[in-house]
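Enquirer: Let me begin by handing over the structure; questions about it come next.
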Amino acid sequence: MKHILNLYENINSTARNNSDCPAVILPEEIFFTVSIVGVLENLMVLLAVAKNKSLQSPMYFFICSLAISDMLGSLYKILENVLIMFKNMGYLEPRGSFESTADDVVDSLFILSLLGSICSLSVIAADRYITIFHALQYHRIMTPHRALVILTVLWAGCTGSGITIVTFSHHVPTVIAFTALFPLMLAFILCLYVHMFLLARSHTRRTPSLPKANMRGAVTLTVLLGVFIFCWAPFVLHVLLMTFCPADPYCACYMSLFQVNGVLIMCNAIIDPFIYAFRSPELRVAFKKMVICNCYQ
């Protein structure tokens, strides 16, 4: 993950020397456009929750946490492309102190985005579990203050972990730990899911109205999790292949799709707000009010 400004050249060289697959190069305009749209969409989510007291509940606080993670992923790509552009124009000294510092900052944003997304999805899963199976005690268990404390601890842990990963990113154990977080957290969420839906079936037989009223949030989380896996898994696989088999022709062929995998990550930031709006009538109404007010102003 170090020297991200030189990553494209390394991938091009690897793909050219070890396989018949040329590196897929996408126009920088695509990255800028997708990243800017992702930032604006998730900023709308944050503003909608901030401006509407009806949305200021633990569930939407956790959604805001996921939106912040998506924004960081988009900002990472914007900053990375700007730095690459400056380097190509000769404004950055190759491997100089400023480039090294900028590289660390950009890498930190990227890793923080991934860690924040995984942790936010885990917290949302736990919140949905409490909502469905402890509905009567939910407002006592999950207060807004408690939700904010959870998010503070979550982001403090993600920040510390992100800095540690960037600092020791040239060590293979760090790469293994980084990539292991992805399947471990997903395994936790999936286990919670299996338990959740098995209990939901039994609850449906006894009290049909109770789980049906709250299962919408679980379905929303299912969609969010599916999109997250689809968008991030190709990059995680890329990191593993780049670490353990960079000279293998088949690995090099897959790594030639690095920029495509990068666009997939950016698309995650664009898709998530549409999922929020489609699954949440309250958030959809807040979006409409914001758009109408801005148009009339």
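Keep in mind that glycine also has a Cβ here, set from the backbone N, Cα and C atoms.
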Enquirer: Identify the topological domain of THR101 and of VAL175 in Swiss-Prot, and say whether both name the same side of the membrane.
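Expert: Topo match: yes.
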Enquirer: Let me make sure I read this right: Swiss-Prot says CYS21 forms a disulphide bond with another cysteine. Which one, out of CYS231, CYS245, CYS251, CYS253?
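Expert: Swiss-Prot lists the disulfide between CYS21 and CYS253.
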Enquirer: Tell me which residue from ASN17, ASN52 Swiss-Prot records as N-linked glycosylation site.
Expert: ASN17
Enquirer: Sort out for me which stretch, of 24-49, 59-79, 181-199, 257-278, has the most Cβ pairs below 8 angstroms to the transmembrane segment (148-168).
Expert: 59-79
Enquirer: Let me check the 10 A CB neighbour count of CYS21 (disulfide bond). How many other CB atoms are there?
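Expert: Around CYS21 (disulfide bond), other Cβ atoms within 10 Å: 16.
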Enquirer: Cβ-Cβ under 8 Å from CYS251 (disulfide bond), same chain, 6 or more residues apart: which ones?
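Expert: Those within reach of CYS251 (disulfide bond), by Cβ under 8 Å and sequence separation of 6 or more, are LEU241, MET242, CYS245.
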Enquirer: Sort CYS251 (disulfide bond) into helix, strand or coil using the DSSP assignment.
Expert: helix
